[in-house]
């Protein structure tokens, strides 16, 4: 997540910040692609059992393609390794993902963000969230904290970027004035297209890193301009919105009624 100037930008990680799924990438890099479906539930345990070390996993992650121009269902080790390798850790105020740790034997252990295995399910009813993480609930917490820290408790505007089914729930929680950037042709885009009226935020799809960069920077600039205009005194707003001829006395100015 990146924040500042009343704008919170939330990035998914897999297939958004990096252009691959990090789990698949690690398995493919270690020539275990055909066994991926069988390995998935216990992937890290299987890799360590085959003599692969944490260093091997980190080396594979550093080679993951990242577009040159984070709320995620990956895990802390994968994300931190990639961001550190590309010098991007300082670009994000926080990372929300499945926690991970290295045990005494040097093996990577990954835990669910919402500990449903110990009777603490997230309880989201949208139907697109995996059991280990509801990104919508995490986004709600991020926005509550951002509003509490803002002058007057003002809710920040949000730009949310993602690609997967798990990104649909936070997209539904965005408000008018927010923006959602789904990756075109990916599950979250398909879900939004099924019923566009469910999403209150403006939808701005993207297909690749170049389009994502152009769209994101344009939305940030637009939000900054709109927020600055909203803070102007009323007389300044009226003057700036009047046609030039009216300001120069070329036409009569009608009194305006202002509704609160």
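Glycine is treated like the rest: Cβ placed from N, Cα and C.
Keep in mind that TrEMBL annotations are predicted by a computer and have not been checked by a curator.
Residues or ranges marked as active site, nucleophile by TrEMBL: 12.
Per TrEMBL, the feature active site, proton donor maps to 14.
For 12, 14, 163, the entry in TrEMBL reads Mg(2+) binding site. Long-range Cβ proximity for residue 14 (active site, proton donor), meaning a same-chain Cβ under 8 A and a gap of 6 or more residues, is found for 20, 21, 22, 23, 72, 73, 74, 163, 164.
Summarising the annotation, TrEMBL assigns substrate binding site to 23, 73.
Ranking the recorded positions 12, 23, 73 by how many Cβ atoms sit within 10 Å of each one's Cβ puts 12 at the top. Neighbours of the Mg(2+) site: apart from 12, 14, 163, residues of the same chain with C-beta atoms within 8 angstroms of the site's C-beta centroid are 13, 15, 16, 17, 21, 72, 162, 164, 167, 183, 186.
Cβ-based neighbour count (10 Å, all protein chains) for residue 163 (Mg(2+) binding site) stands at 22.
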